[in-house]
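Sequence annotations record features per position, and here TrEMBL assigns domain 'Major facilitator superfamily (MFS) profile' to 32-470. Summarising the annotation, TrEMBL assigns transmembrane segment to 99-118, 130-153, 159-177, 186-209, 302-320, 332-355, 362-379, 385-407, 419-439, 445-465.
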Amino acid sequence: MDVIGTVNKDLNISLDPVEQAIGRFGRYQFWLLFIVSLSRLPTEFQLNNVVFLIPGVDYRCLDNNLTNVCPCSNPQYDTRDISSSVTTTWNLICDRQPLASLAISALQLGMLVGSVVFGHVSDRYGRKNAIVITLTLEAVAVASSAAVPYFWLYLVLRLLTGVFVGGTLVCTYVYLVELSGKSFRLYLMGLQEVSFVLGYMVVPIVAYYVRDWRYLQLVTSLPWVSAVVLHWLLPESPRWLITVGRRQEAIDVLMHIASKNDMQTININEIINQAERQSYEESSNQRGSYADLFKTPQIRKYTILTGLIWLCIAHVYFGVNQYIGRLHGNLHINVMLSAASLGPGLILCTFGAYFFSRRAGVIISICASAVSLLLFLVLHSKRALTLAFAIIGEVGAFTAIMQMYMFSSELFPTVIRNSALGFASMLARCGAIISPFVVNVGVEWISVLVFSCMGFLAAGLCCFLPDTKDLVLANSIQEVEGCGNGMKVDDDQRY
């Protein structure tokens, strides 16, 4: 039971009305978080399985009995770790290697499209319906990609998979945010990433036993076609129901959740009235757009800097994530160690938010990543150390991404906050899209050096942004342009 949001007979109009009705994040919301996280596992699999689907492979050219030479029209692939992959199925080596990079990037490109498309779908048809649609279609697209006979068709399905993955990430996050209180959203970001880390850890285990890429895709997708049952398991977002005027349904959902959390329900009608007034006021005052990100000097500066930082950090993370699959040693163990290291990184990131400023946290994380990658180059002959430094590089970029979510949110005023995060997310996808081409450039030290330099560039750009820790968030562009991002608050006023 969450006593923080318990409803009294006299409503506190300064509090979020939905939070007053159902609590900050009670046990029923935790149950919904568990269901959504379990349902999202196929999404996490697709984000992390590229080293098993489209790996860099060693081969012996039977024409001249040489190893890893080009051109080669008759390759014999090393199948000790993976018996069959997209790379070996369509011979994506030598002059066809850019097609492998394209296949990896197609998922990220699809995610860019899907986050926009399904953002509108969820606004129009509801959060729950959008989640069911994206999860079900994602499972179908992944399973279908396992059966295609042509590479171009696989590429199309890979792109569609990315569309549904992007839609799933956006819709599930918005759904959970709308069911939580404001003061809990800091923890929600970390809790959501637990499913990402879990999916990352499960992938090498499954891939160890299922070494054919077609069967791997089937095993990690077909069971989740059953996601259609979420239509009956998940309640619709009460905030969305209020926004679209479905008052009675919102009352029913709020009463159901409140009863599950052992909270009073006597003031639900008054809460709905307050929420409707708040929704009307917010919609009346909402005039922000993407154009507003570039109209005024201070906001324009923040927009350009945060966008470039997101691009650099995402490029480093996804690049190193793929590069770990190229390291010496057992592929499955390397990936498992990489995945397991993200758990402690997530914990450090959460606790670090309390002790470090937002800017310092990002700079420390991404510099740790960049320095470790330089050490990777210097100590390249020592294989155990190279794996350790590569993992540190990945964890540093991962924790930097987590902290940038909060940092970016606090930099921008309420009226353009979503637009700013959308723009930053778009540039992050661009960074992820180009990372496979850097990994496959053909000269190992160049790839790692590029990732390290991008990390240092992100850290340098952060130095030009103001810190936002313990500030009251600005609501208007004028507040930011006139006096910075907000006012300092005491610890007991922070939430």
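Keep in mind that glycine also has a Cβ here, set from the backbone N, Cα and C atoms.
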Residues outside the transmembrane segment (159-177) whose C-beta sits under 8 Å from one of its C-beta atoms, at least 6 past its ends, are 29, 32-33, 36, 39-40, 43, 46-47, 106-115, 117-119, 121-122, 127-128, 130-131, 133-135, 137-138, 141-142, 145, 185, 188, 192, 234, 237
Can you work out whether the transmembrane segment (302-320) touches the transmembrane segment (445-465), with the criterion being 3+ CB pairs under 8 Å where the paired residues are 6 or more apart along the chain? yes
Mean of pLDDT values spanning the domain 'Major facilitator superfamily (MFS) profile' (32-470): 87
